[in-house]
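Over in TrEMBL, the protein carries these features:
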ACT_SITE  Lys191  active site, proton acceptor
BINDING   Gly11, Gly12, Gly13, Ser14, Phe15, Gly16, Ala140, Arg255  NAD(+) binding site
BINDING   Ser14, Phe15, Arg35, Tyr52, Lys108, Ala140, Arg255, Val279, Glu281  NADPH binding site
BINDING   Lys108, Arg255, Asn256  substrate binding site
BINDING   Lys108, Gly136, Lys191, Asp244, Ser254, Arg255, Asn256  sn-glycerol 3-phosphate binding site
DOMAIN    7-160  domain 'Glycerol-3-phosphate dehydrogenase NAD-dependent N-terminal'
DOMAIN    180-320  domain 'Glycerol-3-phosphate dehydrogenase NAD-dependent C-terminal'
Amino acid sequence: MTARQPIAVLGGGSFGTALANLLAESGQTVWLWMRDPGQAEAIRTQRENPRYLKGIKVLPGVEPVTDLAATISACELIFVVLPSGALRQALQPVSGLLAGKMLVSTTKGIEAQSFKLMSQIIEEIAPAARIGVLSGPNLAREIAEHALTATVIASEDEALCRAVQAVLHGRTFRVYASADRFGAELGGALKNVYAIMAGMAASLGMGENTKSMLITRALAEMTRFAVRLGANPMTFLGLAGVGDLIVTCTSPKSRNYQVGYALGQGLSLEEAVARLGEVAEGVNTLRVLKAKAEELGVYMPLVAGLHAILFEGRTLAQVIEALMTGEPKTDVDFISTSGF
Ligand SMILES: NC(=O)C1=CN([C@@H]2O[C@H](COP(=O)(O)OP(=O)(O)OC[C@H]3O[C@@H](n4cnc5c(N)ncnc54)[C@H](O)[C@@H]3O)[C@@H](O)[C@H]2O)C=CC1
Ligand SMILES: O=C(CO)COP(=O)(O)O
């Protein structure tokens with residue numbers, strides 16, 4: 001990467017805008033690509049993204065742009081910050097320009113038909129690209145407001161990890177490296193589902209014991225599933241695993257948590273998603289995760305329970321009753337209980 005080359009951020013939502021600002025703060029020129037020329041013009045003139053990150057000044061180093069092919073051609077390091085439902089359709093038309101580029105996905109979702117994670121889709125579209133994943137407890141607004149934050153850049157490509165650390169690591173943002181791209185990315189996608197449950201629990205006034213049980217059993221469940229897919233469970237003890245699970249399950253700033261909170265208040269799923277007006281990846285992830293867990297025979301009672309409430313017409317009371325009266329299981333899957 002040459003010193004004067006701009007860095008691309010694809011996606012003008014809350015996280016794209018927050019990430020673009022962070023890069024600009026470290027002295028980089030950033031091309032923030034978005035599809036909507038009206039939104040780009042508004043950001044260019046108002047220096048704010050009022051729809052997605054109201055009240056945050058967009059720094060002078062951030063240039064809103066709308067020509068995707070030109071952006072990719074000009075940049076070697078590209079952060080992909082699109083919703084999971086849009087990533088394939090956005091990148092496919094420019095696949096011919098991606099060879100040799102460093103593409104870092106921050107998107108926390110799973111493709112429905114293929115069960116592919118976003119970096120796996122990028123790999124399919126651009127087999128000659130260099131690929132990484134940025135994931136961790138990274139609420140966009142907190143990053144934009146300079147809350148002390150840490151994240152993980154995960155890639156088998158060490159030079160890519162170093163390049164991302166060089167441009168993002170700063171006074172309020174620590175960037176840790178990991179070679180486990182699959183584990184880091186899976187953690188980021190799975191935790192959204194449990195954040196919906198945590199939001200429901202909060203709106204129903206459940207106790208702190210309950211919240212702690214939920215988060216801990218969620219970690220057990222997501223790790224069990226990840227191990228079945230061949231992931232390294234140790235990654236789930238890091239920022240991209242339990243770190244992200246904690247922030248999304250405890251913060252009212254999380255959109256997935258907000259969807260759960262609205263459900264707990266009695267709104268329908270459609271009403272909850274409409275009221276949010278931003279992406280809540282956990283809703284789609286829940287659908288594909290439930291199907292995959294069944295296909296693989298992985299025991300995921302929390303996922304099954306939330307699915308039953310959201311898509312099978314079961315009441316919360318019925319699901320809680322079933323969860324609490326189910327046969328007791330072992331605490332940590334990977335510790336032998338043969339002595340009992
Ligand atoms: N907001 C956050 O705190 C964080 C978000 N993420 C992940 O980043 C991804 C993006 O999230 P946000 O920026 O928060 O979403 P957002 O809901 O704030 O914004 C989504 C953006 O994508 C654009 N978009 C939608 N469809 C598009 C398409 N077909 N082509 C081009 N642009 C399109 C929208 O116009 C909007 O600018 C998600 O997967 C999310 O899980 C990851 C870490 C933190
Ligand atoms: O991934 C996130 C924090 O790390 C953002 O979570 P939400 O998408 O639920 O807002």
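Just so it is clear, glycine is given a Cβ too, placed from its N, Cα and C backbone atoms.
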Could you check which of these binding-site residues, Asp244, Ser254, Asn256, Glu281, sit within 10 Å of Ser14 (NAD(+) binding site), going Cα to Cα?
none
Quick one: which of these recorded positions, Gly12, Lys191, Arg255, have their CA within 10 A of Lys108 (NADPH binding site)?
Lys191
From the recorded positions Gly12, Gly13, Gly136, Ala140, Lys191, pick the residue whose C-alpha lies nearest to the C-alpha of Arg35 (NADPH binding site).
Gly12
Could you say whether, by DSSP, the residue listed as 'active site, proton acceptor' belongs to a helix, a strand or a coil region?
helix
In sequence order, what residues of the same chain, 6+ apart, have a Cβ less than 8 Å from the Cβ of the residue listed as 'active site, proton acceptor'?
Lys108, Ala218, Met222, Gly241, Asp244, Leu245, Thr248, Cys249
Select, from Lys108, Ala140, Ser254, each of the binding-site residues with a Cβ positioned under 6 A from at least one atom of ligand 2; if none does, say none.
Lys108, Ser254
Find the longest CA to CA distance in the recorded sn-glycerol 3-phosphate-binding set Lys108, Gly136, Lys191, Asp244, Ser254, Arg255, Asn256; express it in Å as a whole number.
15
Taking the Cα atoms as reference points, how far is Gly136 (sn-glycerol 3-phosphate binding site) from Gly13 (NAD(+) binding site) in Å?
18
